[in-house]
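> Dropping the structure in here first, questions after.
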Amino acid sequence: MPITDWPADERPREKLLSRGAAALSDAELLAIFLRTGVAGKTAVDLARELLSRFGGLRPLLQADLVSFSSARGLGSAKYAQLQAVLEMGRRHLSESLARGDALTSPDDTRRFLAARLRDYPFEVFACLFLDNRHRVIAFEELFRGTIDGASVHPREVVRRALAHNAAALILAHNHPSGVAEPSRSDEAITRRLRDALALVDIRVLDHVVVGDSLVSFAERGLL
């Protein structure tokens, strides 16, 4: 049965307008994004099929162009639309820490870092640069790929910190696996960065690992 023949309060779009987006299931939200189904399937049916194929909403949102576009009902145009939506969401959440804002809430800082890094399908290493009053100067993604001692260069981190005239910074990187537990490599590169930055009187306040949850090196006593 076409969605247009469903009772009004069961149609995803009408349900969202009357009850809010939080009332919708993952399949219903995805169906609104898809707009149409395929032969023999409504948009909701197709959404359920895609969620099953990818293993849930998050893996679908993290899929690369090739795997995303190979699924029936999707393609490069939908992939581009999805990336635009995700980036708008990241930017919206990022506004919680604008330039000049002081870091008064660890929770706000972590939400910001999660918004920026959580959904990347590859590892990204970033720095949040702060002034001597712990106000935000800039956020930069510096390295992509496998985060280890060979790919994160302390000299470049120091160079960018000095360019921003930063007095302190927060390191962050994501684990695409969703497991936020720091590795020994994470601990080693954190020590190298801390020591390199200390030579120019710049403090490392924390290193946050972003996965399905967040791990703070400062809270663990790993700094």
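Note: Cβ is positioned from N, Cα and C throughout, glycine not excepted.
Just lifted these from Swiss-Prot, have a look:
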DOMAIN    102-223  domain 'MPN'
MOTIF     173-186  motif 'JAMM motif'
BINDING   HIS173, HIS175, ASP186  Zn(2+) binding site
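Buried or exposed, and what's around them? Tell me for each listed feature.
The average pLDDT computed over the domain 'MPN' (102-223) stands at 89.
Nonlocal intrachain contacts for the motif 'JAMM motif' (173-186), taken as residues 6+ away from its ends with a CB within less than 8 angstroms of a stretch CB, comprise 58, 62, 117-118, 120-126, 147-149, 207, 209-215, 217, 220, 222.
HIS173 (Zn(2+) binding site) falls within a strand segment according to DSSP.
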> Which residue, out of the binding-site residues HIS173, HIS175, shows the minimum number of other Cβ atoms inside 10 Å of its Cβ in this structure?
HIS175
> What are the DSSP helix/strand/coil residue counts across the domain 'MPN' (102-223)?
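The domain 'MPN' (102-223) comes out at 41 helix, 36 strand, 45 coil.
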